[in-house]
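In what follows, a structure is listed as structure tokens, so that the remarks can point back to it.
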Amino acid sequence: MATVGNQLPTQAVSKPTSGKHGNVLPLWGNEKTMNLNPMILTNVLSSPYFKVQLYELKTYHEVVDEIYFKVTHIEPWEKGSRKTAGQTGMCGGVRGVGTGGIVSTAFCLLYKLFTLKLTRKQLMGLITHTDSPYIRALGFMYIRYTQPPTDLFEWYDGFLDDEEELDVKAGGGCVMTIGEMLRSFLTKLEWFSTLFPRIPVPVQKVIDQQIKARPRKVPQKETQEDEDGFAESGRQGERRRSRTPRRTPSPRRSPKRSRSRSHHRERERHGPSFDRELERERDRQRKEREGRDRDRERGDRGDRERRRSRSADRNRERKRSHSGSRDRRSERKEKERDGGDDRSRRKDRDHHKDRGTERERSRDKKSRGETDDRRHKDDRERHRDERKAKRSSRSRSRERRHKSGAEEKSRKRERSHSRERDRERDGEQRSHKRSRSKERSHHQRESSNDHSRHRRSPSIE
């Protein structure tokens, strides 16, 4: 089991069967979180830069180009986005528990590289890239987060004396070489406001021994500066000696011999670069302490100054509002008495210019307001006209519909009346025909009766 940063202990992933020098890289620790701090990981996954812009990048070369154009530091948080002043314990600046911030583009791109599942060849291309030191730095940080602790020194061994410089702090102000950065990766858990995965104690002891057995090489720039300093000091000493009379060297002490034997012996034991390294480390520790103290003092002072400045600004505004006219009158009187200096004239000119600009602005605002009012009025009138036109069109359509309906009703009524008349006529004709038929039948009956009577009468006679 291996404990990774602030996370729960997870089982280390076994190496692949392709071998130590194969193209497939082993992953150590958690395969999903890349052993990142939970606060940083949640901010990375929720950042719009990672979700929108980096989601479109699908290849290794596109991500490398994005690193070249966007990364300017290797801090996990952007400058001024995370306030940790006055926090202690688990809510301190190292743990990242209590407060979040804007996560940096460097860590978003680092997790994007982890999602691509880099091969050994691609990782070697990152750490040996020649275009930007930040591409190399992200490659080394990928190694520190994902590779087994026993392989870290082998990865960093050839680059511990690299002299390429980069600024690792957000906002600038912390320039270091690649070699110094790798030594801090191997010897320290803290990196600004986050923690690297923990290295087991036996492995850490072996790494410390290997780093001590391999002292740092002094860069050529520093040796040249030291030689220039020694040469200048020698020249100044020669000039001083030329001014003073020469003395013969005493027989007891040789001129070539140094006065401080102990210092000379320490130099012979540890080498010329040992003292410089000690001084550098002490200076760094002092700077770090001073920086922390300054940050704390700035945070406290900033809060106090803000409160004071707010109260002072309020009082000043009140005093200015009450005594503005009085001060102006008194200043004018004093300037008239003194004859008027150039400064006062300039101030008056500036004040008049400001007034003129304010008047012009007010005029522009008024004109804009008038134009806006006119536009609103025109719009309202247009809306009213449109509404009236709509209403008139609706009333016309209604009248047309009403007229058409009335005409249709009248037509229907006329049709019904004509039908009724036709029916009455038909009924009258039918009744008339019936009456005629009845009369005819009656006449026929009467005629038949008369004829029968005439026949019967002679018989009777």
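Just so you know, glycine gets a Cβ as well, placed from its N, Cα and C.
The following features are taken from TrEMBL:
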type: REGION; residues: 211-461; note: region 'Disordered'
type: COMPBIAS; residues: 238-267; note: compositional bias 'Basic residues'
type: COMPBIAS; residues: 268-316; note: compositional bias 'Basic and acidic residues'
type: COMPBIAS; residues: 324-388; note: compositional bias 'Basic and acidic residues'
type: COMPBIAS; residues: 389-403; note: compositional bias 'Basic residues'
type: COMPBIAS; residues: 404-430; note: compositional bias 'Basic and acidic residues'
type: COMPBIAS; residues: 431-443; note: compositional bias 'Basic residues'
type: COMPBIAS; residues: 452-461; note: compositional bias 'Basic residues'
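Beyond the compositional bias 'Basic residues' (389-403), no same-chain residue lying 6 or more positions past its ends has a Cβ under 8 Å from any Cβ of the stretch. Look at the compositional bias 'Basic residues' (431-443): DSSP puts its residues at 13 helix, 0 strand, 0 coil.
For the compositional bias 'Basic residues' (389-403), residue counts in helix, strand and coil come to 15 helix, 0 strand, 0 coil, using DSSP. Under DSSP, residues within the compositional bias 'Basic and acidic residues' (324-388) fall into helix, strand and coil as 62 helix, 0 strand, 3 coil. Residue counts for the compositional bias 'Basic and acidic residues' (404-430) under DSSP, split into helix (H, G, I), strand (E, B) and coil, are 27 helix, 0 strand, 0 coil.
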